[in-house]
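J.: Here it is, the structure in full.
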Amino acid sequence: MKIYLVGGAVRDALLGLPVKDRDWVVVGSTPQEMLDAGYQQIGRDFPVFLHPQTHEEYALARTERKSGSGYTGFTCYAAPDVTLEDDLKRRDLTINALAQDDNGEIIDPYNGLGDLQNRLLRHVSPAFGEDPLRVLRVARFAARYAHLGFRIADETLALMREMTHAGELEHLTPERVWKETESALTTRNPQVFFQVLRDCGALRVLFPEIDALFGVPAPAKWHPEIDTGIHTLMTLSMAAMLSPQVDVRFATLCHDLGKGLTPPELWPRHHGHGPAGVKLVEQLCQRLRVPNEIRDLARLVAEFHDLIHTFPMLNPKTIVKLFDSIDAWRKPQRVEQLALTSEADVRGRTGFESADYPQGRWLREAWEVAQSVPTKAVVEAGFKGVEIREELTRRRIAAVASWKEQRCPKPE
């Protein structure tokens, strides 16, 4: 029996990145031998075991053979005669097909070290094309390591295109697509994930609402980048700089979906695109089974981001109504989330990357003023039933009006 550290732990250590999880491959052993040594078996379809002390995963070396469609249609073979090289060959990328023995020596049968040095994401073997989930995984790795200068090898991107055009991605379940997307949204450069999907044709298959934005022009005065698809990825990049929250990043990604519905004869104007985009947000989220809280914020951002841009022109009643509409009294975090997504929208434009966004400050200040109006004082004043709500709203409007007169510039 020989044990090797494999995969991401080896890769990230070589890149000088923190190692989070360690996975091990056991060569020359059997399930019974592992059980006799005190390991606990957890794998149903293939033999994976938990170490009795560290609880890290130890898998018997195995090979996989395509036996059906999609990413689950594989037959696994695990036996003492499966070599380390056999096991590493079934992995997706060469940089993930590295192993380290107990002396610290790196085993690299597929030139993963060279690809690490050259910052290349390259598939190990043609078997890559048998698993459609790998298209999303490579896009996610491209996003995760973009800041280190990694790019996808030409032949790997070509294979990803072939897989997409062959209809392989249609076998992916919504849950897996969302899981990979959610993970990509946590990276430093989530926009790279969607750009890679577009480059291989997968964006049109998995995110047609976003793909439809490419080629749709916006007024050059407000959008020097012109293309709405490019603007969308720029805003996502900006959102990633402003917030680590997946819901903020996803909502920013979806903020302009309504522009994809504008008839070409009305281009480059997109009047009413915000409310129009709400149905597309709902459609996308329902298809991918996006969690409700993330979906709800994306709907609100699509509907109200343009309203927040015009904040100085809003009257106090409209401002308080906005807080009602986003359910800010019960979910106050949404005020900050809308401020961040709206700022990402403004700064996600060519030449505006460092622009100030005072509307965000005014929105936050107005919220502090409105929510500081005490409900208790209204009750103590003798108001009852629906009168409490009505009087509370009236006092909030008055408080915002007083603040706006002093703090918010009047529209020209």
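Every residue gets a Cβ built from N, Cα and C, even glycine.
This is the feature table in Swiss-Prot:
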type	residues	note
BINDING	G8, R11, R91, R137, R140	ATP binding site
BINDING	G8, R11, R91, R137, R140	CTP binding site
BINDING	D21, D23	Mg(2+) binding site
DOMAIN	228-329	domain 'HD'
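Help me understand the surroundings of these features in the structure.
T.: Under the DSSP three-state reduction, R91 (ATP binding site) is assigned to coil, being neither helix nor strand. The Cβ neighbour count for R91 (ATP binding site), using a 10 Å radius and every protein chain shown, is 21.
Residues within less than 8 Å, Cβ to Cβ, of G8 (ATP binding site) and separated from it by at least 6 positions along the same chain comprise V19, K20, D21, D23, N96.
DSSP classifies D21 (Mg(2+) binding site) as coil under the three-state reduction.
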J.: According to DSSP, which of helix, strand or coil covers R137 (ATP binding site)?
T.: helix
J.: Count, for each of the binding-site residues D21, D23, the other C-beta atoms lying within 10 angstroms of its own C-beta, and report the residue with the smallest count.
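T.: Sparsest of the binding-site residues D21, D23 by Cβ contacts within 10 Å: D21.
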J.: Once the chains shown are all counted, how many other Cβ atoms turn up within 10 Å of the Cβ of R140 (ATP binding site)?
T.: 23
